[in-house]
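Database features, via TrEMBL:
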type     : residues                                                       : note
DOMAIN   : 8-414                                                          : domain 'Kinesin motor'
BINDING  : Gly100, Met101, Thr102, Ser103, Thr104, Gly105, Lys106, Thr107 : ATP binding site
COMPBIAS : 185-201                                                        : compositional bias 'Low complexity'
REGION   : 185-224                                                        : region 'Disordered'
COMPBIAS : 207-218                                                        : compositional bias 'Low complexity'
COILED   : 453-494                                                        : coiled coil
COILED   : 537-597                                                        : coiled coil
REGION   : 907-956                                                        : region 'Disordered'
COMPBIAS : 942-956                                                        : compositional bias 'Basic and acidic residues'
Amino acid sequence: MSDIEELNITVAVRCRGRNQKEVDARSSVVVALPDVTGKNEVSINTSGETGIAAQLSSKIYTVDKVFGPSADQQLVFKSIAEPLFRDFIKGYNCTVLVYGMTSTGKTYTMTGDERLYDGELSEGAGIIPRVLFKIFDALEDASSDDYMIKCSFVELYNEELKDLLDEAHDSNNVPKKLRIFDSAANTSGSNGSRNSSRTNSPKFTESHFASSTASSYSSRRKMRMAPNAANTLKSAKAPIPKSSSSTEISSAIHIQNLQEFHIMSAKEGIRLLQRGLKQRQVASTKMNDFSSRSHTVFTIMLYKKCDDENFRVSKMNLVDLAGSENINRSGAQNQRAKEAGSINQSLLTLGRVINSLADKSAHIPFRESKLTRLLQDSLGGNTKTALIATISPAKINSEETSSTLEYASKAKNIKNKPQIGSFIMKDVLVKSITAELVKIKSDLLSTKSKDGVYMSQENYKELTNELENYKTEIQECQRSIEKLNTQNAMLLKERKISNEINESQKAKVRNLGDNIEYLYDKIDRQHRNEQELSNVVQELMRALHAMQKSLQVYEDQGQRFQTEMERVLYENIGSFKKSLTNEIEKLKANVNEDNIDVDANINMVSKELYRIFDSLNSSSNEICQKFVRDISEQTPKHFQGIHDQVGNITSVVEAYSSSLMAHLSSVSEEYNNLKDYLNEQFFKNNFQEALDVHVERTYHQLKVSANSAFIQLRETMNEHLENNKNSMMQSLKSAAAEVVAKEMGLLNPVKQAWEKSLENINECDKLTNNFENNMHSAVKEVYGRIDQATNSSISAMVGVENNLSQLKDVSASFRNNSVIDTNVEGIKRKHELLKSQLQNNANYMQAATQKFGEIDKSIQDLLSTQTIPQLNSEERIESLLEQLNDRPLRPLGPSGKTPMRITYQVGSSSGLMQPPVKRSYSTSPIKEIDGNKRALSPPKRRLIEDDTSSKPREIQ
Ligand SMILES: Nc1ncnc2c1ncn2[C@@H]1O[C@H](COP(=O)(O)OP(=O)(O)OP(=O)(O)O)[C@@H](O)[C@H]1O
């Protein structure tokens, strides 16, 4: 449907010349427009100004066409009606409307001079006679079998429809009442919205006609059935050429009992038009201003063959509206005026419809008047429409003229979606015509043969039977209505109860929603707890780092202590070595002296040794005690801090764990409650039970009322009620199933989300358990490490204490060292030995001196007795020395090979101390020269280390 082109309504303005009344009133011309046609603008000056000022204050309206006083009927027809007429021949539904205040030329434009002059139309002929002639001209070449034309003429006055072609008006019979029905397509959406039926295809399918044809002609009484039934038959009834009970004004509207007349020529059409106008004239003479307050619609229906089987149906509605001044009058009229027909509801509504369509409102009030219902398809529908606004040029009508022009320019904005009309099958058309012909012939024969009888007995009987049938049907209908009313009341009650159930279910769903909100809240709280827990874990990690740092500090302190111990030991040992060396040097020096106090020296050395060891001992003691004191002071603090932190963390973890468990258990409980409810109660028992109860109650009530009302038809009614029960059960069940399906459809995503959240909670629970286990093991590990660190610290302290005791032992061993004493004693003995050797040497030297005297003496003797080269005393001494030097030197000491060796041992094998180092010092051998004992070379001191792992160091 979206590809259907939208087309604006064609709007034209036609202005007549001033009439006699206006001339007599000397009312000036206030409308400016071309005399014949031309510019599409109309301006009106209502200010009373003249000249240029008048032009400036004029209001201009732009339309599609403007016709001035000199525009003749032919021009208007050609410009406005003929284009639509061509579309009508093609198959489009078309409408031409004339609108304007009274006496402005609406009827003149639409009908004009309808009389025939020598079978021809006059110049003054309006649109309707011209269309009637034009249509047969257009179909001139076509075979008479290929088309059929029918006409209807309806008048709307005071919201009452009247068939102007009904012969009953002439014979003083009561004419059939015309009624408007919406077509089936429009019934469902006939709320006045322009979207309701505009896009419905007007095409009738073969099957549609095939199904309705048989029933439509089998019995005429069916035409008087209920509106809906009549509507379903409308398309089949449309082709009835004469005395048809119904027709269509638009594809969505159906007028029951409106007669359509088949015409074979333009003259027949003109005769029908004249008959209708005559009928209108009668009414007009009875009532003042009648013609200006009534609307007429002359409809031409064209059935044109489009193939062997089908005829295309198109319509042309030619509408002459009531005087537009009635719109303004209407608002001020009272009830009496309304009763008199002064208020033109239809015209009033037409104005509102035009406004609503122009403003593109959502609601178009088509249904508020019969006129707008009839024109529904012509305004904003599938019809091609043209509006001719007729105006007066005179100043005395300027207000009405302005109003008409306003409406015309508004109507210009209305868009239609024109569509080709519907089809009808040829067989249907032929059958309907044949049936009607048979009936007409029968009536004609009866009329000719019997005076006063206007129809055959057969037809009369048929009509009498029909009348009886109608009566029975009416009674049945009344009973049906009563029954339907009762059922309706029951259903309303049911609906009320269902609504209550629905409300309670909604409340339950709301409750569930609240529960879900509550659980989401809990989950949020749990998330917050997890966040706190993660903060606690970070705290714990920081505490562990601090503890590791503390352990590192202990290790560093231990390392420093060891280094300090080593330093002290080596420093003390170095100073000891130094002093010992000095003492040895002194000793050596003293050895060369005669009166040497060895005991004193030895004692001094011994004392010095004791002092050194004492100081070493005390400093070691001090350092150890300080270290132990530090450790003893710091360790409990550190461990207390760590213990406190771990305790805090443990309590936080336990609190979190218990709160988490409480949350999870409450969540779990809520979930179980919800699950139980969903599984056992939600939409399970209560709804079905309630439905059953209602159905049973309804059934019971229906049964009781049926029994009392229709005792004679009990069996039938029971069967009917059983059927109703089943169908009602079925429908209620399906409704309930649909409700349940919809509810479940709504609930399922929520349930899935809920289950998903439960899974997440379970996952979270699992993670929390894992985390708790990990925490426990981590804390356990931390405790283990603390214990380990404590143990290692304790063992380190024990080691330190051991070392201290060992140091004490070493000190004591130094004090009680028999080796030293032995050595001292050995030194003493050696000193004694040396002393004696020195004595001996002295003696020997003395003896040698004596011998020197003897030798000197013998030399002098020799010199005195022998001639030998003269030598001075010095040379002699040199020679003697050479002699002496030729003798082997005697080693020092009693054994002649005793290098002096001092051995001492330091350190212990404890973990913190270095492995024991054995150090040996040796002295060089001493040579005797010229009787003096002196070292041949400066004494060399070497450190001989047994320790292969450490670098040898020379100690000065
Ligand atoms: N364009 C015109 N040229 C010549 N005469 C005209 C023209 N328009 C209207 N008239 C004449 O004016 C008179 C009133 O016209 P008409 O009856 O058509 O008005 P109306 O709008 O239909 O009035 P009402 O609403 O009362 O029916 C008629 O005598 C008609 O001949």
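Cβ atoms are placed via backbone N, Cα and C, with glycine included.
Around the Cβ of Thr104 (ATP binding site), the number of neighbouring Cβ atoms within 10 Å comes to 27. The predicted model assigns the coiled coil (453-494) a mean pLDDT of 80.
Using the Cβ center of Gly100, Met101, Thr102, Ser103, Thr104, Gly105, Lys106, Thr107 for ATP, the list of other same-chain residues with Cβ within 8 Å runs, in sequence order, Val98, Tyr108, Ser292, Gly323, Thr390, Ser392. The binding-site residues under consideration are Gly100, Gly105. Their Cβ neighbour counts within 10 Å are lowest for Gly105. Taking the Cβ of Thr102 (ATP binding site) as centre and 10 Å as the limit, one finds 19 other Cβ atoms among all the protein chains shown.
Counting every protein chain shown, the number of other Cβ atoms lying within 10 Å of the Cβ of Ser103 (ATP binding site) is 18.
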